[in-house]
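What follows is one structure encoded as structure tokens, with my remarks underneath.
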Amino acid sequence: MEPSLFPIRSLRGHTEVVQDVAFLKNGNKLKVFSTSDDRTVRIWDVEKGEQEDSLEGHASGTLGMAVSTDGTRIVTGAQDGKIIIWDADSKEIIRCLSHHTDWVICIHFSPDEKRLATASNDGTLKIWDTETWELVFNIDDHQDKVWTVAYSPNGTKIASGSYDHTVRIWNAKTSKQQTQPLSHGDAVRSIVWSPDSRRLISACNDGQIYFWSAPTGAQLGFPLRAHLDKINLLAISPDGELIASASVDHTARLWSTSTRKPFSRVLQHADRVSTIAFSPDGQLVATGGRENTIFLWDISQESTIMTNAVSPSFVSPA
């Protein structure tokens with residue numbers, strides 16, 4: 001049996017599946033934001049392990065989420081295609097966008113936060129101006145659901161992943177494709193960029209993690225067979241040294257980006273894991289899913305513990 005890490009804290013309050021989580025450090029205060037099928041957006045005090053606020057305004061389950069770096073704006077997408085921009089201080093709705101016609105799965109601010117990208121089951125990727133909230137680009141080149149989107153850290157490119165088995169890289173200023181589509185063996189559910197914007201890492205329904213050169217679109221080595229079922233989400237640590245994966249197989253896992261080997265003991269759950277995120281200092285990981293609970297895990301000592309640990313038998317690092 002694989003060695004398991006135990007969560008240091010559980011944040012309970014959602015009444016249905018937790019769909020997305022995000023950390024924010026505001027002064028000395030560390031917060032977690034979460035979305036859920038229960039139609040709410042919740043804000044948690046990590047130190048106290050308590051809920052601070054609940055934002056209610058969506059008419060259907062909340063999915064993708066983005067939080068501005070200063071914590072003043074929260075943007076959330078829902079199953080009915082609606083996007084709500086919230087004032088985090090007043091908890092009031094600033095704007096409601098209704099251009100998508102199906103689930104808004106993933107939301108991502110550009111590094112300068114002047115643009116916002118949204119990915120939807122309606123097969124489109126949309127780019128918004130965050131001052132006027134006008135639609136800047138409507139990209140519909142994908143042939144199926146667009147499940148994930150992310151700006152490169154340098155702000156020059158946007159990557160999107162789809163159920164059409166491809167990742168596509170776009171020029172952030174012109175919306176033109178930069179490379180040939182990056183082909184996968186199954187539907188692409190999540191993508192992250194390396195901090196230097198030169199590599200893309202993607203995750204699939206086939207349980208594998210793929211590595212790519214962003215400038216050329218070339219695949220880097222073989223895929224990492226990371227999970228026994230669909231990978232719902234990837235996260236990358238602030239220093240780019242670790243990637244975290246959340247899966248339908250009831251586990252979340254941590255991997256070294258350089259060796260592609262397990263970094264930590266498995267983060268074992270009782271049901272599907274929908275989402276995962278690193279804290280700003282990279283010491284904590286938050287996970288959530290069908291247990292309707294957000295779990296916090298301390299990974300700060302895991303590299304020492306894993307030195308003599310046995311790697312999972314089914315994993316085949318590239």
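Cβ coordinates come from backbone N, Cα and C, glycine included.
Unlike curated entries, TrEMBL annotations are predicted automatically.
A quick note: this is a predicted structure, and the numbers were derived from the prediction, not measured.
As recorded in TrEMBL:
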- 64-220: domain 'EML-like second beta-propeller' (DOMAIN)
- 11-54: repeat 'WD' (REPEAT)
- 55-96: repeat 'WD' (REPEAT)
- 97-138: repeat 'WD' (REPEAT)
- 139-180: repeat 'WD' (REPEAT)
- 181-222: repeat 'WD' (REPEAT)
- 224-265: repeat 'WD' (REPEAT)
- 266-307: repeat 'WD' (REPEAT)
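Residues in the repeat 'WD' (55-96) partition by DSSP class (helix H, G, I; strand E, B; coil) as 0 helix, 23 strand, 19 coil. For the repeat 'WD' (97-138), the model's pLDDT averages out at 97.
Note on the repeat 'WD' (266-307): residues 2-5, 7-12, 14-25, 30, 32, 34, 36, 38, 44, 46, 232-239, 241-242, 244-248, 250-254 of its chain, located 6 or more positions outside it, place their CB under 8 angstroms from a CB of the stretch. Counting residues of the repeat 'WD' (266-307) by DSSP class, helix then strand then coil, yields 6 helix, 21 strand, 15 coil.
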